[in-house]
Structures are given as structure tokens and as C-alpha cells.
Amino acid sequence: MLSSASSFRNYRGVLNWCVVMLVLSNARLFLENLLRYGILVDPIQVVSLFLKDPYSWPAACLVIGILGVCIDVHVLGSISEKVGLLIYIFNLTVILCFPMVVVLKLPSITPVGGAFTLGVYTILFLKLYSYKDVNRWCRVRTQVKARSLSRSLSCPSSPSASSCMQSHVSYPGNLSLRDMYYFVFAPTLCYELNFPRSESIRMGFLLRRLFEMVGNCTLLYSVKPVFILQEMDYSRMTERLLRLAVPNHLIWLIFFYCFFHSSMNFVAELLRFGDREFYRDWWNSETITYFWQNWNIPVHKWCLRHFYKPLLRRGAGKLLSQSAVFFASAFFHEYLVSVPLRMFRLWAFMGMMAQLPLAWFVAKFLRGNYGNAAVWLSLIIGQPIAVLMYVHDYYVTHCQDDPTITEAL
């Protein structure tokens, strides 16, 4: 059974053994650190990641302002197609630019608070773009085609599907604030007139996901690599890169599980949202392309539906369309990193654009386990390179003259 030629694939017991050994091997270290140093987690420090002034909450006010943006979409009434398109372009532009200006102009917004705020507004931007496209498709098609479009491809054809059909909504019956707000809070970026719905809320499932969210957020705060960046010669950079690689990779894995599994399933269960395909088996990726198609399904579906396929229909080639998708992704990565840090270095942008030649190289020259190893290597080593660049530049720009931060580093 342990031979690679065997068709046996069920190794869940081995995985459970690994988890048990991991817990037992770290229990002694945990107790030793607890007895020697005590509890080092300071709630004030956690809050300070999001707030500099406890009486000033500009980032939270920006997030709350999203509710007004959604209401604005529904108060326009009946207008022409061209006027509506111009209003939507203006609205989407404001959604991206307004929080960016506020984050750059208000020093009271911390980098973590700014990144969270811009992330929320970016999600809203993608959602409203999808909302605009789907309703436009419904207007230009016949009523029969609109009804066929309203069925989500992920809605299962099981007995529960009949309950979906009983509450079937067709255009323009979907144009309501209730429908809009459900879509805004639903864990998806692609709008549908009728989403697949689960029959009830499972409290046990909900509490497990909540427990995972709290535990993973605690782990994210506790895994903090510390390094000195005063001297950045090549040997020093290599040593710091290797030291940063493992904890950075652990942070990324914890974030992935916390966000794509725990948080999104928690929200989906709370809203009885039936489509739970938030990721696929990206860990088995043998190509860079397969990884990007499967690690973040909501974004992949949005790019495929609202960006990649429309470009193909307009006559663009596959290579050009793929490059355009990576360019847009690179823009948003840089937007979500550079603006909160208040410095523009384009490391995230160049890192995303470098995925194109890397994807070509891996697909052409590496296959099977070698391709999978290349994907893992790009995740373990590639991300820390960008992180190291940003940390170094942020230290030089903001922290070099601060003796408290210099001593901590």
C-alpha cells in the first residue's frame, strides 16, 4: 500500500497521526514558554494594529459607508442605458478612488486598517460590476433567456433544487434593496438572480467555523518573524529571505484556511448560501495556471465571466486575454499593499506579472511532481521576496529614525 505503484489513496489515518504528533511535540514548547515568559499577547497591541487613536475610527467609518453606496444604486429610478452606464462608471471609480484618498490623507489609519478597508471596497467594486453586467444581460435578452440565466450553474439538481425553483425570481423582480444587500454580504463575487440556498442553518457547523476563525486569528497574530534590516547586502538578504520563508508561508496557509474555509463557510451558513466551492485542490497543482485557477474560486469565476470571456468575444486572443487578467490582478495586489503602506514600489505588481513567464516555463519544462514542487517553491520563496522588499522599504521610509522600532527589530 505504501508503494507509488499502488492504487491505494486513503491516507487519512496518517494525516491524523501527523496532527497528533504535531500537537504533542509542541505542547512542551508551549508550556515552557508559558512558564518562562507568561502570556505575551497584549489586547491593546492587537487593537493598535487597526486603530492609532481609540476615539477615531476612520477605517470603520469607511466600511460603514458601503451601505450608502448600495442604496445609491437603487434611488436613480428609470433612466436611459447610456446615462446609467455613465453613472455606474462614476460610481465604480469613486469606490476605488475615494477610500484610497482617505487612507493616504489620514495618518490615523494604520496599514492593517487601511488594507482591510481597501479590501472591502475592492470586493464591493467587483460585486457591483457583476451586478451591473448581469442585469444588463437580462435587459437585452428575452424573458425566457433571462430565466435560464438566473439559474446558477452551481445549483444542485437534487430534491432541494425544487425549493429553489419555488422562490424563483426573474428580472426585474430582483431589483430590490433586499436582493442587493444579500448579494453584497454573500460569499461570492458573481451575481445571480437566484442563488442556491441551503434548507437551514446548522448551529454546530457555525460554531466550529467561529472557533476556527478565533483560533486562526490568534495564530496569525502570534507568528511574527523578526529580523534586522539595517544592512542589505546580498548574503544578508539571502539569509533573511530563508529565515522569513517558513513563517511567512505558515502565515499564508493560516490566512487561506481562516478566510477561504472558516470565514466564508461561516458567512455562507449564516446566509444559507448553498454554493460552497470557495477553493479546489490547488495543493496538487502541477502548473502555475492550475494554481491560480483553483486557490481562489470566487475571483477566478469573476475574472472568467466578466473579464476573460468578454475579451475573447471581442476578438482578443487567449494569450492577450490571460495577460490582461494577470495585469488587472497585479494592479489590485499593488493597490491593496502600496496604498495602506503609503509607498509605491511596484513589488507586488511585478511579482504578479512575473507569474506569466513562470507559468510558461513550468508548463513547458516541468511536469508531474517537478511541476508541483515548482509551484510550492514559488509560494514558499516567491512571496517572502516581495514581503522582504516591502518591509525593508517601509523600515527605511517610516521606522529608521524611531529608536523604539529600531530596537525591536
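Glycine residues also receive a Cβ, built from the backbone N, Cα and C atoms like all the rest.
Not measured: the values here are computed from a predicted model.
What TrEMBL annotates here:
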TRANSMEM  12-31  transmembrane segment
TRANSMEM  55-76  transmembrane segment
TRANSMEM  83-103  transmembrane segment
TRANSMEM  109-129  transmembrane segment
TRANSMEM  250-271  transmembrane segment
ACT_SITE  HIS333  active site
TRANSMEM  344-363  transmembrane segment
TRANSMEM  370-391  transmembrane segment
(request) Could you check if the transmembrane segment (344-363) is in contact with the transmembrane segment (370-391), meaning 3+ Cβ pairs under 8 Å among residue pairs at least 6 apart in sequence? (result) yes
(message) Can you see whether the transmembrane segment (83-103) and the transmembrane segment (109-129) are touching - at least 3 CB pairs under 8 angstroms, only pairs 6 or more apart in sequence?
(response) yes
(request) Would you mind listing, in sequence order, the residues at least six apart from the residue listed as 'active site' in the same chain with a Cβ closer than 8 Å to its Cβ? (result) ALA348, PHE349, GLY351, MET352
